[in-house]
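Record features (Swiss-Prot):
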BINDING   His109, His113, Tyr130, Asp294  divalent metal cation binding site
BINDING   Tyr130, Val131, Ser132, Gly133, Gly134, Asp162, Gly177, Glu181, Asn266  substrate binding site
Amino acid sequence: MPAVLGFEGSANKIGVGVVRDGTVLANPRRTYVTAPGTGFLPGDTARHHRAVILDLLQEALTEAGLTPKDIDCIAYTKGPGMGAPLASVAVVARTVAQLWNKPLLGVNHCIGHIEMGRLITGAVNPTVLYVSGGNTQVISYSEHRYRIFGETIDIAVGNCLDRFARVLKISNDPSPGYNIEQMAKRGKKLVELPYTVKGMDVSFSGILSFIEDAAQRMLATGECTPEDLCFSLQETVFAMLVEITERAMAHCGSKEALIVGGVGCNVRLQEMMATMCQERGAQLFATDERFCIDNGAMIAQAGWEMFQAGHRTPLQDSGITQRYRTDEVEVTWRD
């Protein structure tokens, strides 16, 4: 029964997880939180990760009840993500693999999300909506690849929400997206915003520019409240995501939809997706914040699948790739 230890640190979350044969044994995580109205810089984020990663490693082993000799493989996020945080975590993964004399596996971050989602929900062959701060893709598996049927042509949906949170000076604790979600629940007025869908692709830069420009004016005149703007932004961008997911499901003949990525925690997005799936006679699968948000266990799970399929990453190839496409990986562990 192989046990895989996974390191995740592609953005402002740092996690170390342990998975053994489909069971999550440990999944501790820390978040780098910045002041309201600000984002997180790669260098500062990397310093945060370096400061806590060894404590997280010990915490994961203790929680799992394992010692280094019980670990069969070390997996880490190869990309995509922010360069400095990725590199910092990769150095630790390489060092641990050499110290413990374990094989190493570089894992695609998106595939980590998908494999964890499939494990936790039991979805067999879903159309995947992958939504996070850095990525927005609609994906389906075909012929040993996770094929991208649609994606953002500019910024990710999570980035759109996070940047609007800065305009309103919304707290980044626990995350700007979560706080926008709570404010949106109190919104009562739907403000018309740009809606940009191009086939199975979406664009969020236009709606962000529009609402950034209009927010101060509309708030100053009393035309709407901050809660109304959060509600309107959520409803509009989520409608775009539901539309392209449904189009991909129709194209693939899929009866399953799986939401992964940090934005996938949003209850309103899950409600809208569930309505679409119900109307199509399909089933929606989603996870909670333990597994939607970036975590080490998802890297361990994808690493476990790859390890079982015979994958290994030679030390000389164990770098990082900031723009690591989902469909670049040959998925040999699926039929």
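The backbone N, Cα and C atoms fix where each Cβ goes, and this holds for glycine too.
Since the structure is predicted, the reported quantities are computational estimates derived from the model, not experimental observations.
Mapped onto this structure are the features recorded in Swiss-Prot.
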| residue | record | DSSP class |
| --- | --- | --- |
| His109 | divalent metal cation binding site | helix |
| Tyr130 | divalent metal cation binding site | strand |
| Gly177 | substrate binding site | helix |
| Asn266 | substrate binding site | coil |
| Asp294 | divalent metal cation binding site | coil |
Span of the substrate site, taken as the largest CA to CA distance across Tyr130, Val131, Ser132, Gly133, Gly134, Asp162, Gly177, Glu181, Asn266 (Å, rounded to a whole number): 18
Fewest other Cβ within 10 angstroms of its own Cβ, chosen from the binding-site residues His109, His113: His109
Least Cβ-crowded entry, counting other Cβ within 10 Å, from the binding-site residues listed as Gly134, Gly177: Gly134
List of residues, in chain order, with Cβ under 8 A from that of Ser132 (substrate binding site) and at least 6 apart: His113, Ala156, Val157, Gly158, Gly261, Gly262, Val263, Gly264, Asp294
